[in-house]
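J.: Annotation comment: TrEMBL describes Asp46 as active site, proton acceptor. What TrEMBL records for Asp46, Gly47, His51, Asn123, Glu124, Arg149, Asp151 is NAD(+) binding site.
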Amino acid sequence: MKRFVVTSKGDDKSNAIKTILDQYLSDFDLIMDEETPDLVITVGGDGTFLHAVHQYFHRLEDTAFIGVHTGHLGFYADWLPDEIEKLVIEISKEKFELVEYPLLEVKVFKKHAKEYKRYLALNEATVRKIEGSVVMDININGELFERFRGDGLCMSTPSGSTAYNKALGGAIIHPSLSTMQLTEMSSINNRVYRTIGSPLIFPSHHVVQFKPVNEAQSFLMTIDHLTKSVDHVNLLECTVAKEKIKFARFRTFPFWKRVHDSFISDER
Ligand code: NAP
């Protein structure tokens, strides 16, 4: 017996589709379970999907996700509202195929704290400042690579490569590749400060550290849609997480077709 939960963006259209999905799935003898769902169905957009994934990050091992979009086509939310009957029939079948995408792990080491804080991101982690520049040394596998000075830094997952990363000039990466990508936000480049300027793509066994030059300085750290103000940080450490997110797949919708339909045209 499968347990499910449907989350909604909260607008009238998404709420109405959630109500229909709750009813259809219950009619097929699936059990509504907010605490321990096997399947999380989101109704809204990619933003709604991100919120739901963070709500159920503690159940990554046991939970699969699927997204219905009520606005434009999403990268995570790629089912149309008029496909939900078909979707419910597929969900009610004995088994479904799972596709896994990589996640980003960020560890934040603070100056006086005994333990580090660990975060997982589905799209990306960024560091920025409200005022002034971010000044951080970037270490790759324990070696100083460069001193960055500029608006900020973004480390994205492959599935997040179509989000903020793309706006920063990063490459779009197929989510079957276990990588993370570093992009710069307006780096200062002159005779004093020099950065590579190009996006960097790292394999899963590499460790990238951001080391604030002035530890007392506060900055903003984002993990997907969440923003935190942090200070007295010794080190931020990024790696490809050992955990992956599972998507329930009931039909083929190749990644490059989603990229085409989202950014080029949805008419062929
Ligand atoms: P938001 O500012 O309300 O929306 C950000 C937009 O990014 C929405 O249109 C959202 O799609 C879309 N999006 C989210 N994940 C995506 C993905 N993997 N590929 C392509 N598009 C994606 O913020 P939010 O809804 O809370 O989402 C947070 C995300 O916004 C962050 O993770 C970051 O990637 C993105 N962001 C982008 C920029 C930029 O491009 N300049 C700046 C800041 C943040 P839906 O409309 O379907 O929800």
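Cβ from N, Cα, C; glycine included.
A description of the local structural setting of each listed feature is requested, covering burial, neighbours and distances.
T.: Around Asp46 (active site, proton acceptor), taking its Cβ as the centre, 27 other Cβ atoms fall within 10 Å, counting all chains.
DSSP classifies Glu124 (NAD(+) binding site) as strand under the three-state reduction. The Cβ of Glu124 (NAD(+) binding site) lies under 8 Å from the Cβ of Leu104, Cys154, Met155, Ser156, Thr157, Gly160, Ala163, Tyr164, Asn165, Thr222, Asp224, each on the same chain and at least six residues away in sequence.
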J.: Which recorded positions from the set Asp46, His51, Arg149, Asp151 come near ligand 1, judged by a Cβ under 6 Å from any of its atoms?
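T.: So the answer is Asp46.
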J.: Measure from the CA atom of Asp46 (active site, proton acceptor) to the CA atom of Asp151 (NAD(+) binding site) and give the result in Å, rounded to a whole number.
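T.: Taking the Cα atoms only, Asp151 (NAD(+) binding site) lies 25 Å from Asp46 (active site, proton acceptor).
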J.: Check the DSSP secondary structure of Asp151 (NAD(+) binding site), expressed as helix, strand or coil.
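T.: DSSP call for Asp151 (NAD(+) binding site): strand.
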